[in-house]
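Here is what TrEMBL records for this protein:
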- 17-60: domain 'RING-type' (DOMAIN)
- 128-146: transmembrane segment (TRANSMEM)
- 166-186: transmembrane segment (TRANSMEM)
Amino acid sequence: MSSSSSASAVPPEDDVCSVCHDRFRIPCQANCSHWFCGECIIRVWHHGPAVQACKCPICRRLINLLVPAPLSDQEDHPQVSRILGEIQHYNCIFGGAPRSLTQRLQDLPFFIRRLFRELLDPQRTLPLVFRARMMMMVALSAIYVLSPIDILPESMLGLFGFVDDLLILLIVFLHLAAVYRSLLLYRHGGQ
């Protein structure tokens, strides 16, 4: 699987599913940014304990969210509906599970990339409340980072004074990722 696949809403044309080694059928992106056929990743899940989320066959990270690529012409097909239903069921079971800080930090690039890609895509619209919340968070964190009033002032502490600014930005990005993750779960998990 190529790393460029994580930068788009659909897998690259020249890439194949790492489970079946064939072209993607009902492409699905895991929270680790790897792409699989929806049926293949569900089969991987069914191969192990059904009460436990499966691990990515490539990087071995726990998969707690599956995001299917947009399908336009196939959604009425019964097999596609069944696979999308199983993906939705998987997300319902494992999408709301508690995640460690390490897992959140590992998932951060995936969610932030998808969020900004969706913001720039004129065909996709984020809910107005989500956009307003995001803009407010970004504006307030920018004001804090740019203002001369700091918890750890840069003028007195030098480079160490930037720690609070970086911490604020990290918290904002983690919160943005968490809110966007809940939006994806709502879309693809039926909750």
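Indices start at 1 and increase along the chain as displayed.
Any Cβ shown, glycine's included, is placed from N, Cα and C.
From a predicted model like this one, the values you see are computed outputs, not experimental measurements.
Cβ atoms under 8 Å from those of the transmembrane segment (128-146) belong to residues 165, 168-169, 172, 175-176, 179-180, 183 of the same chain, restricted to positions at least 6 beyond its ends.
Beyond the ends of the domain 'RING-type' (17-60), by six or more residues, the same chain brings 1, 3, 5-6, 10-11, 66-69, 71, 74, 80, 83-84, 86-87, 90, 93-94, 97, 106-107, 109-111, 113 to within a C-beta distance below 8 angstroms of the stretch. According to DSSP, the domain 'RING-type' (17-60) comprises 10 helix, 8 strand, 26 coil.
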